[in-house]
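Participant: Please read through the structure below; I'll follow up with questions.
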Amino acid sequence: MLKILVATKNKGKLKEIQEILGEIPVKLISLPENAPDVEETGSTYLENALIKAKTYGTKYKLITLADDSGLEIDSLNGLPGVFSSRYLGKDTPFEEKMKNILDLLKDKDNRKARFRCVSVLYNPDEDKFVSFEGVVEGEILKEIRYGNSGFGYDPIFKPNGFDKSFSQLGTEIKNKISHRAKALAQVKDYIENNLLGGDMIEIKVNGKRLPANKYVYSVFEKVILALLSTLKDIPEIKTVEIKIDKSQEQQN
C-alpha cells in the first residue's frame, strides 16, 4: 500500500486530512513526535507548503503531503493571510487573535473574507512536486461562534450560503466545502490517477456514485463485484453500474 507522510503537527488539520482522504487505499503516516519543527519563511502559501514537504520528505524518504493556508480579509488588505498561524505571535491563543480581528473590523462595513489553502505532494526520489489550491469565500462574523468542530479561525468565519460559522457547521459539511477540502479533492484525484496502480472500479447506484467511488487493486475486483451483485435484490435499488478501467498501470 502506498505510504504518504502528512507534514503537520496540527491535530485538527491532520484529522481533516485523514477524513477527506480516508476513502482511498493509501496509508497516511503522521509525523513522529520527535520530528524537528520547520520554520515557515516563505512569502506565499506555496513556498511554505513546499518548505515543509521537502524538509520532511527528504528526511523520512517518503512521498509527503503538506499544505499552508490562511484567512484573507479584504478590509485588512488580505491580512492575516500567509501569516495567519503566526499572527500576533505563533504562541498567541487563537481566541486572542480572533478578538483582535473583530476589534479591527468593528467599524468596517466590508467584512468579506476567504480561506485559501495550497496543498503540495512532494516525491523525494524524483525531487518533484505538484500543487493544488482551494478557496472558500465568506465573511467575518461580528462575534466568535464556537461549535463542535473546527479549529483556528473557524469560529469567526461564515462561508457564503450558510448562516453558521465553520465551527458550527460540523465536520461533515465543512469537509465538503472548505478550502482544504477543495484542495484535497484535487490531491485525491491526482493520487488515484497517477500514484495508484491496478484496475479502477467506478460504482453507481441508482445513477449516483457511491461516496467511495473508486476502488483500487485488482485483487479485490471479484469480491467487490460479488458484493455489489447482491444489491440488485434490494427493491429500493433500481440500477447498479460498474465500470472497470483496465487502462491503469502500476506506477509504484
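Cβ atoms here come from the backbone N, Cα and C positions, even for glycine.
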Participant: Name the residue, out of Ser69, Ser75, that TrEMBL lists for the same substrate site as Thr8, Lys9, Asn10, Lys11, Gly12, Lys13, Phe151, Gly152, Tyr153, Asp154, Lys174, His179, Arg180, please.
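Facilitator: Between Ser69, Ser75, TrEMBL records just one in the substrate site with Thr8, Lys9, Asn10, Lys11, Gly12, Lys13, Phe151, Gly152, Tyr153, Asp154, Lys174, His179, Arg180, namely Ser69.
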Participant: For Thr8 (substrate binding site), just count the other CB atoms lying within 10 A of its CB, please.
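Facilitator: I count 19 other Cβ atoms within 10 Å of it.
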Participant: Through the lens of DSSP with three states only, how would you label Ser69 (substrate binding site)?
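Facilitator: Assignment for Ser69 (substrate binding site) reads strand.
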Participant: If you draw a 10 Å sphere on the Cβ of Gly12 (substrate binding site), how many other Cβ atoms land inside?
Facilitator: 13
Participant: What number of additional C-beta atoms lies within 10 angstroms of the C-beta atom of Glu39 (Mg(2+) binding site)?
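Facilitator: Summing over all protein chains shown, Glu39 (Mg(2+) binding site) has 11 other Cβ atoms within 10 Å.
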